[in-house]
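Among the features that TrEMBL reports, [4Fe-4S] cluster binding site is placed at C25, C55, C58, C64. Taken from TrEMBL, the feature domain '4Fe-4S Wbl-type' applies to 24-88.
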Amino acid sequence: MAGYVPVRKAGFVSGGDDFQARAACREVGSAPFFSPEGERGRDKASREAAAKKVCFRCPVLQMCAELSLARREPYGTWGGMTEDERHDILQRRAQAALEVAA
């Protein structure tokens, strides 16, 4: 995607996304936001809950959520949403668009 350039701080991108400088997750590190390979069950649920706890106290939660959906972020917790939750939202939007077009 145009303008999407990863930087070393995991989960953050450059290219005019200045709101990320105010993000609560900048103080925490990337571990709660991205799953290790093979993570499942309680471990995954616990990590995702910890990530969401950070997100829900974040002053830029809404902007982050909107950006993650617009960019179709495939991994991690962004804007208080897991990758599965974002996938579900995007699927519902696509289905609604198809129904409107029909």
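Placement of Cβ uses the backbone N, Cα and C atoms for every residue, glycine included.
On a predicted model such as this, the values are computed, not experimentally measured, just so you know.
Shown on the structure are the features that TrEMBL records.
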residue: C25; record: [4Fe-4S] cluster binding site; DSSP class: helix
residue: C55; record: [4Fe-4S] cluster binding site; DSSP class: helix
residue: C64; record: [4Fe-4S] cluster binding site; DSSP class: helix
- Mind checking which of C25, C58, C64 has the fewest other CB atoms within 10 A of its CB? They're the binding-site residues. C58
- Around the Cβ of C55 ([4Fe-4S] cluster binding site), other Cβ atoms within 10 Å, all chains included, total 22
- Give me the mean pLDDT over the domain '4Fe-4S Wbl-type' (24-88), rounded to a whole number. 96
